[in-house]
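Take a look at the structure set out below.
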């Protein structure tokens, strides 16, 4: 007789009820665990074999399974060995054998995996999260890329500075001075150049303007002087221990002011030898004893020729902005000054000059040269007077800082340029101080008059001004008594005027090097700045290099009119 529909439904309900999981109560589980424990306790020592261990494990597994699964009858006796040749498992086909599997149980404690992972994590960490001892060659490569540092000069170039405290070669009293002066973190040129110089290596530093070059040579120079005997009545007549050459009076005085901050706590004396002041007074100050002299090449050579100063014990020489000294025609004077240094302490031009152990046995003269560009004349000068130098390049040689936005406009007449200049600064987008550059003294007065008529406070610097007038103009600009500085290229190099927001090249510089140094008055010390350049027909010779320079600057937009200009498409051949 066929099964009715009601019976089929009833069977389905029964199967459904039977398939529902049934959980064992806590008391029941405790009872089963007690039974298992009692069974294990009652086994004799003779039966403690591999079979007993397996049975106990199976029993524990059954407890876990019964906690999360349906209640099952106690395991049946093992099936007899099949005689049919077919393999028979010890468990039922309905059993879920993966339920009790826990991956974490498979790793034994103390297998060494955690220490290995910690070591791997340290290796994968960023260099800023590692102690300096754990830095790998890969970490140092990334570090240099982060700060746009490129070093050359053999295999003995030391790694850059990560922080001031990690450089134990700097005397403690100098590190204290660095801290008091507010130097938080080294700049890229300081990170790279200072360790090389402290290793008694000659250094060539090629860095963008406003990059912190001054401290990068003052710190190793003063650290070097700290190791020398104090000047006394007998030794001071032999001249200074250190010499710094700068192309302009303004830059020399600026370096002197910075050097005094470092030297005063150490009891060292700094004297400037520059034009615009009495040579006799300056020579007398040197003869009274000075560990460090900051000078311009022309005035220093004049004092040496008049036998008012000797450099018999000068063992540390710095040439700052060497390319500018060459551009200004001081190359011959620089060479004469260097020739007046004692030849007895010159380094050998051999591998020994790269070996710290070798050069530390004698007190050889150390030379540092800093430049923003690397023309052929500078390469020749370096080859003649520096011995196996370590070369540090920050960014690209001859390129303005990445913090300067460079803009150009084609305006052919001075009247159009004056109106545009007033239009730019009257929008108050750029806050004072502002610097306006021109090529000729006579034009400075006209531009200044136009600015004054529009209500701006101005100061003028050019070669026709007395030294005192030029210094006063710069001080007024720094104090905020003046809004706009109108200047020729005499102020284009070295002057560190804080927070210049805008540079306007009312007339384009005659060459790309001067342009680089002009716009370097803004965007200094990591701050952003803008440089606007007015162009005319007279600037065709520099348009190609100007276009190339702007195109390499990530902060500057490409100017379509400049890009399409015929003179900007091909570099003009030198006559």
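Glycine is no exception: its Cβ is also placed from the backbone N, Cα and C atoms.
On a predicted model such as this, the values are computed, not experimentally measured, just so you know.
Swiss-Prot assigns the feature motif 'Q motif' to residues 163-191, out of the candidate ranges 134-162, 163-191, 192-220, 221-249. As annotated in Swiss-Prot, motif 'DEAD box' covers the listed stretch 320-323 rather than the other ranges in 308-311, 312-315, 316-319, 320-323. Per Swiss-Prot, the listed range annotated as region 'Disordered' is 552-575 (candidates: 528-551, 552-575). Long-range Cβ contacts of the region 'Disordered' (552-575) within its own chain (Cβ-Cβ under 8 Å, at least 6 residues beyond either end) map to 396, 399-400, 402-408, 410, 528, 535, 540-541, 543-546.
Within the chain, the motif 'DEAD box' (320-323) has long-range Cβ neighbours (under 8 A, six or more residues past its boundaries) at 213-214, 217, 244-247, 251, 255, 334, 369-375, 377-378, 381, 493-494, 513. Secondary structure of the compositional bias 'Polar residues' (552-561) per DSSP, as helix, strand and coil residue counts: 3 helix, 0 strand, 7 coil.
Around residue 213 (ATP binding site), a 10 Å sphere centred on its CB holds 26 further CB atoms from the protein chains shown.
Summarising the environment of residue 211 (ATP binding site), the number of other Cβ atoms within 10 Å of its Cβ, over all protein chains shown, is 22.
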